[in-house]
Amino acid sequence: MDQMSPDNINGVILAVSSSIFIGSSFIIKKKGLKKAGASGVRAGEGGYGYLKEPWWWAGMITMIVGEVANFAAYAFAPAILVTPLGALSIIFSAVLAHFILKEKLHMFGILGCILCVVGSTTIVLHAPHEQKIESVKQIWQLAIEPGFLVYSAVIVIVVAILIFYYEPRYGKTHMIVYVGICSLMGSLTVMSVKAVAIAIKLTFSGTNQFKYFNTWIFILVVATCCILQINYLNKALDTFNTAVISPVYYVMFTTFTIIASMIMFKDWASQSGLKIATELCGFVTILSGTFLLHKTKDMGNSASGRGSISMPTRDTPVFTNSGSGRSSSSDKVAS
């Protein structure tokens, strides 16, 4: 194992801080969505009453702080290192949901959290070093290579189909629609965020990158994708259980981001097969943890007041909401 570079260490510190804030923001925002939904049209039904709810804004501010830290992390470390550390936000989200929203975290959920930590640590210790970037134009050349252009086109087409065809029909019953939109757009967001973060870093170092039109195109992509992600993430949070949204969103978002980073930045080009395999094992470990969190989400929430365990059955829909968001047992939480 090579010694971690100073830039990678800075990236890890920022990414972990980001996870704490972002994981907390899920819970704070959902509390705001619940309070707003109790007195008006819910976000899942197209309402925007949450914009008047202080709890929702507190959650947004917390998320912004986390995203700023995450943004800065991409200026120092490769996406393959920074993005998987988002698993830590799942832990904070699940634990806070247990205590604040009363969305119970079973012992297998705790095991899932531990697996996420182990997998994240494995990736941190074996992550590739960031390639040297001297200008935003260098990133632009990577972005307009045929491979990444094809990837971007496929993402845009799939997202358009999800928004205009599947969301009106299945959005309220199939979580994968909302989460899919957020995750797919998120992979493009991360690539653009990394470009903007590096541009800011280089500008503060004395080389102004904002004189290039390329930088402003990356900023436009970030703004557009973020607006879409916030809108559909709000709908997902208002309709489905937070403890389910967080891990599934993480898995999809991280998978597509790693694919995008491999295509655009070719992060693994300088690594040995053993290191790549170790990083993949770390990622699979994280996926196992998120799977446990998802599949055992209803354990300990049975009707028995003594906390008997209700095992999920084979017929339990994995990516659907069996009833309306208002009637879900996990959402019956006092404001």
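Heads up, the Cβ atoms here are built off N, Cα and C, so glycines get one too.
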Per the topological domains given in Swiss-Prot, are K211 and A269 together on one face of the membrane?
yes
Result, the transmembrane segment (245-265) in contact with the transmembrane segment (144-164) (3+ CB pairs under 8 Å)
yes
For the transmembrane segment (56-76), name the stretch out of 105-125, 180-200, 213-233, 245-265, 273-293 with the most CB-CB pairs under 8 Å.
180-200
Please tell me whether the transmembrane segment (273-293) and the transmembrane segment (80-100) touch - that is, whether there are at least 3 C-beta pairs under 8 Å between them, with each pair 6 or more apart in sequence.
yes
Long-range environment of the transmembrane segment (80-100) - Cβ separation under 8 angstroms, sequence gap at least 6:
8, 11-12, 15-16, 18-20, 22-24, 26-27, 30-31, 66, 70, 73-74, 109, 112-113, 116-117, 119-120, 123-124, 127-128, 190, 242-243, 246-247, 250, 253-254, 257-258, 261-262, 267-268, 279, 282-283, 286, 289-290, 293
